[in-house]
Amino acid sequence: MVQSAPASEIAALILRGFDAYREQFREITDGARARFEQAQWQEAQRASAQRINLYEEKVAETVAGLRAGLADSELLDVERWPIIKSAYIAQIDLRLDDELAETWFNSIFCGLFSHDNISDGTMFVHTTRPSLRAHARAPYTRTYRPGGDLRQALEKIFDDYRFDVPYDDRERDLERIDALLHSNLPDWVCKDPDLAIELIGSVFYRNKGAYLVGRLFTPDEQWPLVFPLLHREGHGIQFDTVITDEAEVSIIFSFTRSYFMVDVPVPAELVAFLKRLLPGKHLAELYTSIGFYKQGKSEFYRALINHLATTDDRFVMAPGVRGMVMSVFTLPGFNTVFKIIKDRFNPSKSVDHATVIQKYQLVKNHDRVGRLADTQQFADFRFPVSKFEPECLAELLEVAPSTVVVEGDVVLIRHCWTERRMTPLNIYLENASEAQTREALNDYGLAIKQLAAANIFPGDMLLKNFGVTRHGRVVFYDYDEICYLTEVNFRYIPEPRFPEDEMSSEPWYSVGPNDVFPEEFPRFLFVDLDQRRLFAKLHGNLYDAKYWQGLQQQIREGKVIDVFPYRRQETPEQLLK
């Protein structure tokens with residue numbers, strides 16, 4: 001039975017939904033330690049997907065509860081929502097996750113209203129929370145002061161971060177990490193009496209790895225510090241390496257990786273700490289990396305509207321070959337592309353709009369192994385017409401008139417995805433040196449292999465569908481033909497029956513909808529003969545159906561293959577010689 005409710009009660013109902021979401025989020029996250037200790041790798045993948053889907057499930061549940069308990073005339077009176085927002089602000093004021101609570105409020109509002117009603121009066125378009133709150137914080141880091149004895153500090157770290165599974169070889173790992181730190185850092189650092197090591201108290205879990213994250217610092221300098229840990233089944237926990245290079249740590253927190261599972265009592269505090277380690281990362285990316293992808297979306301949107309308000313930047317079509325399914329535009333000064341689905345696809349494409357959306361959701365939920373760009377989905381973006389170059393707007397209106405609409409002096413984009421901008425691999429290779437070409441083509445092959453190991457087949461593997469990041473990594477970003485590797489039927493081309501068969505424009509053999517012939521890859525992927533020959537030397541096994549069938553067999557047997565987000569260093573024996 002519907003009834004009247006004061007604004008404070010509606011605010012409390014919204015907050016109750018948020019509490020239910022946060023409780024279940026923490027429950028899934030807290031299970032990461034046990035999954036790591038028990039080597040439950042498939043369960044870890046399922047938990048990751050479950051946590052991603054949790055947000056929308058709980059928003060829908062909360063919206064349904066509000067609709068069931070309140071009259072539409074009361075709930076959908078937009079004039080009341082500034083009062084509800086004020087009541088909500090008072091209720092979240094002392095929370096340690098208040099910025100997440102604001103984003104939750106926005107999600108509930110958008111679940112009830114069309115985007116026509118968005119304003120800072122009814123929603124948190126801009127946050128009301130200061131970036132650093134003055135109230136008490138829970139202690140979040142552990143600090144170690146070697147005082148010239150780095151080995152002793154490392155022993156204390158090993159003691160403080162114990163698991164219910166023993167270390168495989170504690171003494172070996174201590175020697176290795178000590179040697180690596182002396183090797184990676186300037187000579188004077190490890191001897192500096194003022195050197196300190198600060199580590200986040202919570203362990204970061206993802207896929208088959210666990211990570212201790214922090215920094216080394218002196219009064220004048222600092223270095224990021226990451227200890228990756230592995231659980232070798234039947235052997236125990238081992239410290240795999242140590243990373244102190246900012247670029248390598250940045251890759252571990254990349255937009256191409258799955259989200260970490262990490263206990264986060266105070267999200268803003270953890271993000272601020274990570275920002276000090278990785279100043280090149282935007283807040284949006286850091287929130288997203290620790291599982292708060294909706295907060296990442298809020299931070300991204302705020303950065304976008306600020307950029308548009310404070311610069312003369314205008315939208316242009318993204319460089320590269322025009323897509324058959326998606327149209328892509330960008331802001332030159334904002335490191336993002338915006339992707340919309342065209343109204344009509346090239347006849348060679350067999351997908352429809354619903355399938356494309358499903359493919360993007362598949363990527364969102366799957367382990368991206370550092371080779372798939374994360375995306376954010378937006379509805380009803382509104383931008384001034386003046387922020388578009390005329391040629392860009394004309395092309396968008398031509399290819400997607402059902403998605404892009406001009407309403408007076410505003411451009412409405414009904415649906416789009418945002419994605420990190422990269423240099424298309426085909427364009428990168430046009431200007432690459434011989435060494436850069438070799439490195440890029442090698443990484444291109446590694447990207448395909450690592451995706452395959454994660455049960456992902458890109459489908460359309462043309463160079464134009466891969467991008468090169470600022471760190472030089474090759475990443476796949478065209479998802480309309482992506483599928484699970486185990487769905488593909490890899491075949492050898494049958495021998496021709498007659499000499500005439502080889503001259504025919506049509507195949508002399510039947511081809512099913514999921515059939516793929518790796519022998520055709522060289523001609524299909526490379527027009528440039530030098531690149532074709534080089535790739536055959538680097539990754540020729542990709543042209544053999546047996547290679548793909550072998551991976552499929554391992555996946556069907558339940559094996560989760562190792563893909564490391566960092567360069568693995570020398571063995572202890574090599575390093576300690």
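Keep in mind that glycine also has a Cβ here, set from the backbone N, Cα and C atoms.
Among LYS297, LYS339, only LYS339 appears in Swiss-Prot as part of the ATP site alongside ALA318, PRO319, GLY320, VAL321, ARG322, GLY323, MET324. The most densely surrounded of the binding-site residues ALA318, VAL321, MET324 is ALA318 (count of other Cβ atoms within 10 A of its Cβ).
Each of the binding-site residues PRO319, GLY320, GLY323 was scored by how many other Cβ atoms lie within 10 Å of its Cβ, and the smallest score goes to PRO319. Spatially close to ASP374 (active site) yet at least six residues away along the chain are PHE255, THR256, THR288, TYR293, VAL363, LYS364, ARG368, GLU419, ARG420, judged by Cβ distances under 8 angstroms.
Ranked by how many other Cβ atoms sit within 10 Å of their Cβ, the binding-site residues ARG322, LYS339 place ARG322 at the bottom. When secondary structure is read from DSSP and collapsed to three states, LYS339 (ATP binding site) falls in the strand class.
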